[in-house]
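**Student:** Here's a structure for you.
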């Protein structure tokens, strides 16, 4: 590389929101001395069982690999995830008789249930703990995003020496490539701010010369339902934003009755001791405020796609959107795994509407919806709220979602009083609008491609399941019997062969009944080895 050549911006091409699925294919006996001698059992030369796991990223089978894990590895994973408070049904440990075939088969089934419980849970499946267990190549044990982010932040402070780091805020959010630091201005040491560093994501397409001025637009936004940004910029590997530190935290913190402290996000959000669902009037107020912010951004040409309860700051009775920078930095939506299953949800506006449905569900019931679509609601759900959720989250609703304007005009939110300033501010130059539009279209294009792949695999799976169904098997057997019944009987075959020329004075019984000329010679018997191979 030339001495003064400018380095290209680097982005993470791996999509961390892609769901990992896994199947335990086999259990194999491993001699103790052939494995790591550090382990006690290996040091003693004792045998143990390795479970061979096939892990797959996304819907395509070719994006898969094998890993080997021992029961002790599963136990360590379960211990690491216990902070979430969920019962993942890890099979119990057994000291004696744990090498018996029946026990190994039973344990393998139990471990499969354990893995399914993890990979089907939205927050657990996105955690770095699980990624390191299932995909050690892309998420090695040595991976430390906090340390790497601190290096980038330190470089930033060299050019902007107005702030200093107080302490890192570890594991406060589910995005492990988005790290947070508590900082303070040097001239106001009592004021607390939060700096977030974000690595470029797989959807990052905006050129650096446009990205820097786009990021600098964030502090200029003035809207009562958008959380203000103090400073924002982008660098070679990512972007950072500085906001004031609000101790009570986000809407999800309020629902889970927790605070944005140093506690791991799995402990705060997976299964809190108590949920605090919002009453219907509060749902209507918060929902209306979020919709007003979304409409404002859409009208101005800023695409979002990052809506969930953790990205809504709740200040008393006011909801404000967070992390507007995520989309321009190329980060996929929180619900992207669900979105790949919904081929009619293709625009970023539709992504926001669909995500808003999940937000209202979480506000109403406390817990997150763990499926792409809504199957049923509690019987005591208010009729007005039921109608609204069914208009967004059901299987039929996602095929034709309403617009944000339609939601604002819906009975649930149309009568909510909202006081807006005369002119909310966000002025985007025409050149930057084009850059934002192109980035939005590129994000939508990748989503459509992934939706196409998912639908193709789903159709193939349905066709295979239909082919292997009991009903289809019965049809094939019935058809085979019908074909056999239509073939000539044995008596007719003997009658035909009696009229064929004899070979060496003897009637040939090996001649095909369809032959019209001289009988073909009888082929020699196949070798035993070939017969075994064919068998």
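Every residue gets a Cβ built from N, Cα and C, even glycine.
Predicted automatically and left uncurated, TrEMBL annotations should be read as such.
Okay, these came from TrEMBL:
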type	residues	note
COMPBIAS	474-484	compositional bias 'Basic residues'
COMPBIAS	505-519	compositional bias 'Low complexity'
DOMAIN	29-141	domain 'PX'
DOMAIN	166-413	domain 'Protein kinase'
REGION	450-535	region 'Disordered'
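For each listed feature, how buried is it and what is near it?
**Tutor:** Residue counts for the compositional bias 'Basic residues' (474-484) by DSSP state, with H, G and I taken as helix and E and B as strand, are 11 helix, 0 strand, 0 coil.
With DSSP classes pooled into helix, strand and coil, the tally for the domain 'PX' (29-141) is 52 helix, 19 strand, 42 coil.
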**Student:** Mean pLDDT across the domain 'PX' (29-141), rounded to an integer, is what?
**Tutor:** 85
